[in-house]
Ligand SMILES: [Zn+2]
Ligand SMILES: [Zn+2]
């Protein structure tokens, strides 16, 4: 009985240590912030900027953090091609304690909005190729930014509830998986305090707004873009005997790749190879000299990724050899884009999950399965030397999500021109959850 009483008081003590800002206070604060955050969301939604072009968006994020008393640095980041990036960092120091990094992404997508909502984006802009495209916050990064400002507001307001350093990070160019790398390449953790924890969240349309999804382990895949150019010998279409047909080689290569996935990697460690582009030729009766294929490769671990990449190289070379091409005509294989998988640290994620349950209730914190989509937030962990939790923020209308689940169908989700998130409860839940998590780590 005595032991039980002791255990109980210890448990109460532990609980009181976790809830540094009472949940009721957090909830009423977030609700009070909502009119302003809704305005922010609507403004950001109607002024989306493409990846690497987030000049106004980042200036807005920086000005908001500045007005809250954060020490703000902007224009952080250097891309691999030497161009500067629009990264933002706001630092709030509050005595001794851990350093927590909270990340939002800022960029929009080349998508023409078709939701029909009154506040739909009408913005058009030039993409990297100089083509005019519709622009939409179709991945909900406007939800992340709005919640981010709400979280920064709460942490600045409740400095008596935590100790340590908060790093609020606005990241550009997530959609082209270049922004986190560009900020790291610009000395992120030498110019600013190195975090002990990296936190982030992403909205999803098929998770009900008001809930969050939290699981540990790999949550999103690595993503690698591979370009393969087959060098053949061109000829008249009527004289295949005088050619080395790169279209035939490319077609054989696409077929061989299916065996790489099904026969060369373990079914327990899944992988994907998709050939998304295949360009060759100019006219029906000309065998071209070249064929170019664009691939995306996904996996959850390095060993599997290596097998997939080796398999692609071996398959391309094997086709060229089988077709009698000399050593100097082997396919050219390049690797222009690469991002690591998004892996949630087990110990940190368990802490985050417990805080989320204490804050939202157990029925509002859902387990999640990994997806083969990808993210570049993992670069902020400096090769997973810093533990990270990246959780999912429900953004679907709860009634529509329930109906869709009953019917076994999916709602329009991120990247769709029809994605119209239930942004108010999503932002509010994001503010409450992330603030509670950050404060619980900053002790
Ligand atoms: Zn996206
Ligand atoms: Zn996104």
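Note that Cβ sites are derived from N, Cα and C of the backbone, with glycine treated the same way.
Record features (TrEMBL):
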type	residues	note
SIGNAL	1-19	signal peptide
BINDING	139, 141, 175, 202, 415	Mn(2+) binding site
DOMAIN	225-322	domain 'Peptidase M20 dimerisation'
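Annotated features taken from TrEMBL, shown on the structure.
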{"residue": "139", "record": "Mn(2+) binding site", "Cβ within 10 Å": "23"}
{"residue": "141", "record": "Mn(2+) binding site", "Cβ within 10 Å": "27"}
{"residue": "175", "record": "Mn(2+) binding site", "Cβ within 10 Å": "21"}
{"residue": "202", "record": "Mn(2+) binding site", "Cβ within 10 Å": "25"}
{"residue": "415", "record": "Mn(2+) binding site", "Cβ within 10 Å": "15"}
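Taking the centre of the Cβ atoms of 139, 141, 175, 202, 415 as the Mn(2+) site, the nearby residues of that chain (Cβ within 8 Å, site residues left out) are 105, 107, 109, 137, 138, 140, 174, 414.
139, 175 are the binding-site residues among 139, 175, 202 whose C-beta comes within less than 6 Å of an atom of ligand 1, given in sequence order.
With helix defined as DSSP H, G or I and strand as E or B, the domain 'Peptidase M20 dimerisation' (225-322) counts 42 helix, 33 strand, 23 coil.
DSSP assigns residue 141 (Mn(2+) binding site) to a helical segment in the three-state reduction.
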